[in-house]
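Take a look at the structure set out below.
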Amino acid sequence: MHQVISATTNPAKIQAILQAFEEIFGEGSCHITPVAVESGVPEQPFGSEETRAGARNRVDNARRLHPQADFWVAIEAGIDDDATFSWVVIDNGVQRGEARSATLPLPAVILDRVRQGEALGPVMSQYTGIDEIGRKEGAIGVFTAGKLTRSSVYYQAVILALSPFHNAVYR
C-alpha cells in the first residue's frame, strides 16, 4: 500500500488525490495522510510561477515532515489571466510530476475584490453564502452550475501529474 502525504487538509483536494491514486494504482492501494504545511507564497497566489512555487514548496515541506512516505502531493490554487487554476506537484523521492489544471474565468465582480487583496475562497463564500466554499465545490462548482467541482478539476490534474509514475517512457 502506498503511503501518500497530502500537503493539504482541504477535503476537496484530498478527495481528488485519493480518487486519482486509486484510478491509477487500484482501489485501496494507498493511504492518504493529510498535513498542514506552509506554501511560502501569499494566501492568494497570482501568476503561474508563484502558484507552482507554492505547490513545490508544500511538497518539499511535507517531505521534510514525513520522509518515509512513498509519495508527497500538493495542490496549489492561484489566479492568472483573470482565471482560477491550480498546480499539482507529486514527488516520490526519485522523480516529480507536475500538471496545471483547467482554468475557470472569473467574473469582474469577484476579480476586483481578489485584486484588492482578498483571497478567492472568502470572496466566494460571501458571494454565495456557502461557508468555506473552498473546502467544498469552490468557484468551479458555482460557475459551472455543478457540472464540475473543485475536486473534479483537481482530479484530472492529479491524474496528469501521476503520468511519470506509471509510464516507463518517463524513466
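Note: Cβ is positioned from N, Cα and C throughout, glycine not excepted.
As recorded in Swiss-Prot, the features of this protein are as follows:
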BINDING   Thr8, Thr9, Asn10, Pro11, Ala12, Lys13  substrate binding site
BINDING   Glu38, Gln68  Mg(2+) binding site
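Recorded features from Swiss-Prot, shown on the structure.
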residue: Thr8; record: substrate binding site; DSSP (3 states): coil
residue: Lys13; record: substrate binding site; DSSP (3 states): helix
residue: Glu38; record: Mg(2+) binding site; DSSP (3 states): coil
residue: Gln68; record: Mg(2+) binding site; DSSP (3 states): coil
Taking just the CA atoms, what is the gap between Ala12 (substrate binding site) and Glu38 (Mg(2+) binding site) in Å?
-> 18
Count the Cβ atoms, other than its own, that fall within 10 Å of the Cβ of Thr9 (substrate binding site), considering every protein chain shown.
-> 12
Ten-angstrom check, please: count other Cβ atoms within 10 Å of the Cβ of Lys13 (substrate binding site), all chains counted.
-> 27
One should report the C-alpha separation between Pro11 (substrate binding site) and Glu38 (Mg(2+) binding site), rounded to whole angstrom, as 17
Close in space, distant in sequence - Glu38 (Mg(2+) binding site), Cβ under 8 Å, 6 or more apart | Asn57, Arg58, Asn61
List, in sequence order, the same-chain residues at least six positions removed whose CB sits under 8 Å from that of Thr8 (substrate binding site)?
-> Ile14, Pro34, Val35, Ala36, Arg58, Ala74, Ile75
For Gln68 (Mg(2+) binding site), which residues in the same chain are close in space, meaning a Cβ under 8 Å from its Cβ, but six or more apart along the sequence?
-> Gln3
Not counting Thr8, Thr9, Asn10, Pro11, Ala12, Lys13, residues with a CB within 8 A of the CB centroid of the substrate site are Ser6, Ile14, Gln15, Pro34, Ile75, Arg135
